[in-house]
Amino acid sequence: MTAPTVPHAPAPAGRHRFAHAARMEWIKLRSLRSTLWALLLTVAGMIAIGVVTMANTKVPSAAKAAEFDPTNNVLAGVALGQLVVGVLGVLVVTGEYSSGSIRSTLAAIPDRRTLLMAKAAVYGALTLLVGEAVALVTFFAGRAALADGVPRPGIGDPGVLRAVLLSGAYLGLIGLLGIGIGALTRHTASAIAALVGVTFVLPAVIGGISGTTVAKFFPTMIAGNSLAVAKPVSDMLSPWTGLAVLCLYVAVVLGAGARLLARRDA
Amino acid sequence: MIEVQGLTKRYGPTTAVEALSFEVRPGAVTGFLGPNGSGKSTTMRMIMGLDRPDAGQALISGRPYGELRWPLREVGALLEARAFHPGRSARAHLSALAAGGGIRSARVDEVLAAVGLSDVAGRRAGTYSLGMAQRLGIAAALLGDPGVLLFDEPVNGLDPEGVRWIRELMKSLAAEGRTVLLSSHLIGEMALTADHLVVIGQGRLLADTSVRELTARGRSLEEAFFALTGASTAYRGAGSGVDAAPERNDR
């Protein structure tokens, strides 16, 4: 059998790289309606919670004036935002497995580590940007909702800008944690259960048993008591230590997820 | 050119593919035949780098899939229908793949037109019928204009017109000098489409021959196929109690 010459153009020089994987993941992320709805829910929910919390913030008693930290109150919506952002991060990975699209994805980008890092880079960058934007907007909206007579925090006051920006960054980190957990389990239900367990259930249970000794290391506790504070809380991790601990968690979970994806059959 | 060399895959105690070796040459449609559970899909998944073989290797143009420089420009595959997210449109699905494969985006509309999905390209792919889903899978396989193509049961869910379209497509791709591996358990369809046949049963190679040669062994290709695979078909075997390896059609 004689094979006629193949008419199609030969592949150009070079090879596929991380940038191709990242562009692919960006198109995939923005072409799902759920991305937009989830991020809108995060933005609207965090602003609403911030405004309502501030509107209900009373003038502190003289005894508590020193530790009065309205910046912490205005960022209370992070607890909701982390859930939405984390679950969407889980779906960025597990949605590929439940739908079967992972086969197409791996056909284009066979290296699972490259693929996972591209997903993390794209989703992490998006949630970081949205997180910072919503944290800033929430701060100013909530500040405006404070009742007369309640001391108003200024963005230039000591620690305030740090609290706002670290809270925004927290959403990006939780997004990455969701991606890592999704890569570990590859199943939506178990990944969401793990995420909710780590962010809500375990710190509450452990906090009830042993106080803050262990509970202070859980993400939600770090977010509320270490990151979103203009006035650091005693017994809790300092803001920068909290951030470093979170980054460590993300690196470990993403690294383990990448390792497992590379080892397991798709 | 696809080279399968001593490929072996076990799932626990079950051996799905055992020491399987064959070559798929360019310029012809090579049919990949075998009863359900014979290891066809597992073999194709290993060629695509989705499953890791326990022994042996599968090479495409001399390289394992994971080492291809531009995978989508070198290999196109339809492994199972619905290798896409139901919430994404056909156009978005193909655009993402084009970006990942370094393929110019104008190619997306070309392949959508080629498979007849242009009018519904903006619709969520989850609303597609099985036949439309197959067409989207074929569009994805053709996206990078690759020299090597793998199709696992491509006519599933297609109407007679679609079946004929696939047949002509396979033949024309081979006539252009491409390497085409086509799995099916529809023997009649294979007799019409394939030039060469690789037949497996219980993960082992049973025949690697031309359609003409195999047909000449019996009254028809079907007769010859049954003669060849009789011993390895669980539900026809004479109470051997040996189950065929499970076909991995569930992803």
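Note that Cβ sites are derived from N, Cα and C of the backbone, with glycine treated the same way.
Here's what TrEMBL has on this protein:
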- A:36-55: transmembrane segment (TRANSMEM)
- A:75-95: transmembrane segment (TRANSMEM)
- A:116-140: transmembrane segment (TRANSMEM)
- A:160-184: transmembrane segment (TRANSMEM)
- A:191-218: transmembrane segment (TRANSMEM)
- A:238-262: transmembrane segment (TRANSMEM)
(request) Could you tell me whether the transmembrane segment (A:116-140) and the transmembrane segment (A:238-262) are in contact, taking contact to mean 3+ Cβ pairs under 8 Å with a sequence separation of 6 or more? (result) yes
(message) I'm a bit unsure how to read this: which one of A:75-95, A:116-140, A:160-184, A:191-218 has the highest number of Cβ pairs shorter than 8 Å with the transmembrane segment (A:36-55)?
(response) A:75-95
(request) Count the CB pairs under 8 A between the transmembrane segment (A:75-95) and each of A:116-140, A:160-184, A:191-218, then give me the winner. (result) A:160-184
